[in-house]
Amino acid sequence: MISETLYIAGHFIQILSYGLIAERVSRKGSVLGLSCDFVAYSFLWLTASCIYGASYLISSKLAAQYSKRYPLYTSYYTSPIVVLLDLVGSIVTFYLAWQTFKKFKGSRRHHEALSLPFYFFLSLLGCGLLVLVWYYLHGWATLNELDIANYFYVISYFGAIFRLIPQCSTNWYFLRFHVLHRHYLLVQTLSTFFLTASLLHYKVNNQEWYELPTNILSSETLLVTWVCLAILLYQLQIYKGGKKILPQ
């Protein structure tokens with residue numbers, strides 16, 4: 001119970017951080033310096049996680065397929081509150097994407113757009129889906145609700161891992177720290193602290209992987225997030241006032 005409460009608190013703060021960015025963009029009327037890839041990955045992560053979690057939560061057919069595929073671990077737990085937060089997050093990031101790619105599109109620099117690595121990522125996802133459908137149509141493999149739900153898990157997994165990397169790259173490229181919101185780093189750090197504390201509490205209580213909620217972030221995702229936050233903090237120091245400050 002404590003572990004899930006910590007996770008819910010961290011995830012709520014995570015969603016709040018996107019709301020803060022959207023509020024600042026709306027107030028300033030500009031998305032200058034906001035990485036398009038960051039917005040897109042965030043939307044993919046939260047939307048796919050919502051679909052994946054909701055499927056595990058409400059589908060009795062999926063539950064039967066799960067117990068059949070994993071006979072040693074016949075039951076699982078999906079946090080309904082996390083699913084609800086994912087839904088809210090997908091709405092917030094959709095609004096942020098609309099601001100970025102539609103409403104305030106003119107405030108972006110001419111070379112600020114979705115990157116080739118992001119399109120490559122989308123291509124891999126599309127190819128993976130085509131392979132699954134191809135195998136299914138030719139009778140080489142079965143394709144059921146569990147497979148589809150797990151495919152959305154893959155999307156959410158990589159979306160969560162990659163989301164902050166493009167923002168770090170954007171700052172390096174323009175040699176300045178772009179303020180997404182004046183409290184963004186603080187809120188992100190607090191969120192990641194709670195999420196990490198949640199996983200550590202699960203670990204301390206010797207809970208196995210199949211006993212954890214199916215719709216929580218992985219330890220690898222949190223590790224990458226901590227690294228990105230450290231980079232953003234470093235960029236904040238060396239690019240004070242929008243100018244590059246070389247460390248002595």
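From the backbone N, Cα and C atoms, a Cβ is placed for every residue, glycine too.
Feature list (source: TrEMBL):
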TRANSMEM  6-26  transmembrane segment
TRANSMEM  38-58  transmembrane segment
TRANSMEM  78-98  transmembrane segment
TRANSMEM  118-136  transmembrane segment
TRANSMEM  148-165  transmembrane segment
TRANSMEM  185-204  transmembrane segment
TRANSMEM  216-234  transmembrane segment
Practice prompt. Take the transmembrane segment (118-136) and find every residue of the same chain, 6 or more past its ends, with a Cβ under 8 Å from one of its Cβ atoms.
Written response: 36-37, 40-41, 142-143, 147, 151, 154-155, 158, 162, 166
Discussion item. Ranking 38-58, 78-98, 148-165, 185-204, 216-234 by the number of C-beta pairs under 8 Å to the transmembrane segment (6-26), which range is first?
Written reply: 185-204
Item to complete: Sort out for me which stretch, of 78-98, 148-165, 216-234, has the most Cβ pairs below 8 angstroms to the transmembrane segment (38-58).
Response: 148-165
Discussion item. Which residues of the chain, 6 or more past the ends of the transmembrane segment (78-98), have a CB below 8 A from one of its CBs?
Written reply: 4, 7-8, 11-12, 14-15, 18-19, 21-22, 25, 39-40, 42-43, 46-47, 49-50, 53-54, 56-57, 213-216
